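S.K.: Take a look at the following structure, please.
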Amino acid sequence: MTTTSDIKTEPSTGSRKYLFAVLRVAIVALVVIAIVATFFDTATRANINPFNFFGFFTMQSNIITAVILLLAALTTFIGRTQTRLLMFARACATTYIVIVGIVYNLLLAGLEGGVSLEWANWVLHVAFPIYAALDWILFGDRTALAWKRLWVVLIYPVLWIIVVIIRGATDGWVPYPFLDPATGYGSVAIYSIVIFVATVIVGAVIFSLSRVRIIKP
């Protein structure tokens, strides 16, 4: 005979997966609201060029990570298992957004410029990077990623820098002064290499953490 004390109150595997998915949707919604609010707030202060606004690494990394986490949540809702491609995409997105958080909080926090809305700035540069890191570390809905695929974390940064250099040389817009071709391509090359090395280091940490499963789905 089953008594009340025999009933487990621990959430089942299935319910945990859906809790993860709901949490991901909630944080994605918050990020979208922060980006939209920042866009319109910026538009009220000056003429805004969408290509410039969305050309920053911060904005693109937030959008990429939000899209990937939303896809992971939708995969759970429809009862599918995440593909290896999606897992690699999550690893890459987590790498980029963690870099955003590290660079901002170590080098840029408190400086003039950037996101004018304080709460949105906190969401994009602090809350989301921390959440994304914890999501990857705690939620074990991924398998160990092969080290030989670590190079994939460089695809987006390389493409982003190429576009930045082309734009800087043609229409004069650059998101960050150290990537301005006007300062010399040698200087740009050095900073680009630093960015690539930092990306590989953070990516390696993310890949190593794919072997850790703290909360099983």
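Cβ coordinates come from backbone N, Cα and C, glycine included.
Please treat TrEMBL annotations as automatic predictions, because they have not gone through curation.
Feature table excerpt (TrEMBL):
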TRANSMEM  21-40  transmembrane segment
TRANSMEM  52-78  transmembrane segment
TRANSMEM  85-107  transmembrane segment
TRANSMEM  119-138  transmembrane segment
TRANSMEM  150-169  transmembrane segment
TRANSMEM  189-209  transmembrane segment
S.K.: Mind checking which residues reach the transmembrane segment (119-138)? Cβ under 8 Å, same chain, six or more beyond either end.
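M.R.: 24, 27, 30-31, 34-35, 37-38, 41, 58-59, 62, 65-66, 69, 90-91, 93-94, 97-98, 100-102, 104-105, 109, 206, 209-210, 212, 214-215.
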S.K.: Between 21-40, 52-78, 85-107, who has the most Cβ pairs under 8 Å to the transmembrane segment (189-209)?
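M.R.: Maximum Cβ contact count belongs to 85-107.
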